[in-house]
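Below is one structure, written out as C-alpha cells, with a few remarks after it.
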Amino acid sequence: MHILTAGVDEAGRGPLVGSVFAAAVILPEIFDLPGLTDSKKLSEKKRDALAEMIKNQAVAWHVAAAGPEEIASLNILHATMLAMKRAVDGLAVRPEKIFIDGNRIPEHLNIPAEAVVKGDSKIIEISAASVLAKTARDAEMYALAQRHPQYGFDKHKGYGTKQHLEALEKYGVLPEHRRDFAPVRNLFAQQALF
C-alpha cells in the first residue's frame, strides 16, 4: 500500500530582502521526472519547466511564506519553520508522513515527520518542494525588481552581493528588506541618524 508522503523544503533563508518560502509536495506513487534534483543544481529555465510539471502531476502541493516582519520578530530559523508549517497545513490532501530537508522539524505538524540532511538531493518529494519554493521566491524577486529596478533584485535575488550592498548604500532600505540582517540593520541605523 502506498503511503502518502510529503516533501518539504525552503528557499530564501540567506537573502537580505523579501520572504522566506517553503513548499510541501505529495507526489503520485509512480512519478518520474528526469532531471529533478535539488533546485540549486538546476538552471532557472529547467527549474521553471520542472515547477510546471510538478504542479500538474502532484497529488497535492502548496507554497507558503513568512515575510520580512515575521523574520524580524521570530528570527530566520523560526520564520522558516512557520513557512514550512503553513506549506504543510495548506495541502489539500493530508500526508501520512513528511520528509523535511535539513536537521529540524517544525512544531505542531501533528503528522509523523523526519528531517533529512541534504534531503533535496536524496528524496524526490523534497526535490520537488525545493523547486517550487525556489521558483516562488524568484517570482517575488522579479516582482520586486519591477517596482525597484535600481536594486537589481532580478540579478542577485536579494543576496548580499556587491551590487545589492551598493544599491542599499545609494538608495536606502526598502520596507521589504530584512531589518534584522546585519548589512540592512547597520544601514537602517545610519539612515535613522539623518
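Every residue, even glycine, has its Cβ placed from backbone N, Cα and C.
Record features, source Swiss-Prot:
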BINDING   Asp9, Glu10, Asp101  divalent metal cation binding site
DOMAIN    3-193  domain 'RNase H type-2'
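Here the binding-site residues are Asp9, Glu10, Asp101, and the one ringed by the most other CB atoms within 10 angstroms is Asp9. Residues Asp9, Glu10, Asp101 make up the record's divalent metal cation site, and a Cβ search at 8 Å around their centroid adds Val8, Ala11, Ala22, Ala23, Met84, Ile100, Gly102, Gly119, Asp120, Ile126, Ala129, Ser130, Ala133 from the same chain. The domain 'RNase H type-2' (3-193) scores a mean pLDDT of 94 in the predicted structure.
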